[in-house]
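Noted in Swiss-Prot for the protein shown:
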type	residues	note
MOD_RES	2	phosphothreonine
TRANSMEM	29-46	transmembrane segment
TRANSMEM	118-133	transmembrane segment
BINDING	118	chlorophyll a ChlzD1 binding site
BINDING	126	pheophytin a binding site
TRANSMEM	142-156	transmembrane segment
BINDING	170, 189, 332, 333, 342, 344	[CaMn4O5] cluster binding site
SITE	190	site 'Stabilizes free radical intermediate'
TRANSMEM	197-218	transmembrane segment
BINDING	198	chlorophyll a PD1 binding site
BINDING	215, 264, 265	quinone binding site
BINDING	215, 272	Fe cation binding site
TRANSMEM	274-288	transmembrane segment
């Protein structure tokens with residue numbers, strides 16, 4: 001009898017725990033994806049803070065001297081970074097307990113793999129948590145679908161690109177100057193500015209910002225006043241009210257007169273669908289572009305592609321970009337290039353003015 005009561009009590013305890021985890025009445029929804037998520041960003045964040053302050057230098061290139069990235073080794077907030085794993089390690093996941101010594105692990109591996117893997121697991125599980133909460137509330141799943149865009153971008157940069165290049169040393173350093181260094185080297189090696197998927201991503205991000213600003217300003221400018229002139233317009237509304245707070249017909253009429261009639265939406269659902277789809281699809285394409293360039297399917301190269309009737313090259317901005325790419329690549333891998341052959345053997349044509 002005692003055993004049966006203990007079993008029932010433990011079962012009810014587990015049941016109460018399950019109900020608490022999946023309850024939508026909590027101030028912050030946890031969910032089963034949240035149970036999986038919580039440890040990973042905590043590990044990534046805590047290791048990042050410790051490493052940013054005190055991590056020893058990492059032998060990132062496999063040649064030359066180790067690169068320090070932490071504050072205690074002479075960097076500041078702008079120049080500090082978590083240095084990627086050494087090129088000597090390749091794509092191996094090298095836990096600290098497999099290293100011959102802790103110093104050797106710091107020298108060749110460092111905390112980069114640990115932080116990046118836990119970060120990617122954390123953001124993916126956060127996306128799952130968004131879907132789970134939507135499911136519990138009977139909502140449609142598009143919030144998680146929209147969040148998949150930055151998840152795809154982070155996965156492309158931190159995982160797909162190193163896999164395509166063959167080692168984690170090509171991953172993006174976790175810091176301000178490290179991010180810009182990654183961008184410059186990426187342009188030098190893959191000509192990303194001339195890749196159509198990157199162009200779609202730029203249109204998505206900047207276009208999304210423009211449309212968001214336009215929508216917000218139109219809504220704020222066409223509020224339905226429920227108060228007198230002596231009171232704030234905000235006092236006439238309450239959170240969750242049934243009635244609309246702004247007049248979409250007025251906003252549609254204003255924008256239609258500002259540009260032309262069919263440039264504005266007269267349907268709120270269509271408008272918000274457009275506002276969601278535009279940046280999300282753009283960022284999806286950027287992530288896809290990073291993933292293709294990871295395997296060296298690079299941007300367009302129009303090097304010396306314009307010639308006159310006698311076959312002489314007419315230099316264009318594309319040739320200027322290629323020269324800049326070569327210069328950036330030499331600065332990045334100065335031991336691997338004595339001088340780029342493309343520049344060394346190029347014929348220089350002087351034109352008398």
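Placement of Cβ uses the backbone N, Cα and C atoms for every residue, glycine included.
Taking the features listed in Swiss-Prot, we show where each one sits on the structure.
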residue : record                                      : contacts (Cβ under 8 Å, 6+ apart)
118     : chlorophyll a ChlzD1 binding site           : 40, 41, 43, 44, 47
126     : pheophytin a binding site                   : 33, 37, 41, 147
170     : [CaMn4O5] cluster binding site              : 84, 161, 162
189     : [CaMn4O5] cluster binding site              : 298, 325, 329
190     : site 'Stabilizes free radical intermediate' : 293, 296, 298, 299
198     : chlorophyll a PD1 binding site              : 192, 286, 289, 299
264     : quinone binding site                        : 251, 252, 255, 256
265     : quinone binding site                        : 252, 271, 274
272     : Fe cation binding site                      : none
332     : [CaMn4O5] cluster binding site              : 184, 185, 188
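For the recorded quinone site, residues 215, 264, 265 set the reference point as the centre of their Cβ atoms, and the other residues of that chain within 8 Å of it by Cβ are 214, 218, 251, 252, 255, 271, 274. By the count of Cβ pairs under 8 Å, the stretch nearest in packing to the transmembrane segment (118-133) among 29-46, 142-156, 274-288 is 29-46. Residues of the same chain lying 6 or more positions beyond the ends of the transmembrane segment (142-156) and with a Cβ under 8 Å from any Cβ of it are 119-120, 123-124, 126-128, 130-131, 134, 276, 279-280, 283-284, 286-288, 290-291, 294. When other Cβ atoms within 10 Å of the Cβ of residue 215 (quinone binding site) are tallied across all protein chains shown, the result is 17. Within the chain carrying the transmembrane segment (29-46), a Cβ under 8 angstroms from the stretch's Cβ atoms is held by residues 20-23, 114-116, 118-119, 121-122, 125-126, 128-129, 131-133, 136, all 6 or more beyond its ends. Among 215, 264, 265, the residues given in the record as binding quinone, the maximal Cα to Cα distance rounds to 10 Å. DSSP assigns residue 264 (quinone binding site) to coil in the three-state reduction, outside any helix or strand.
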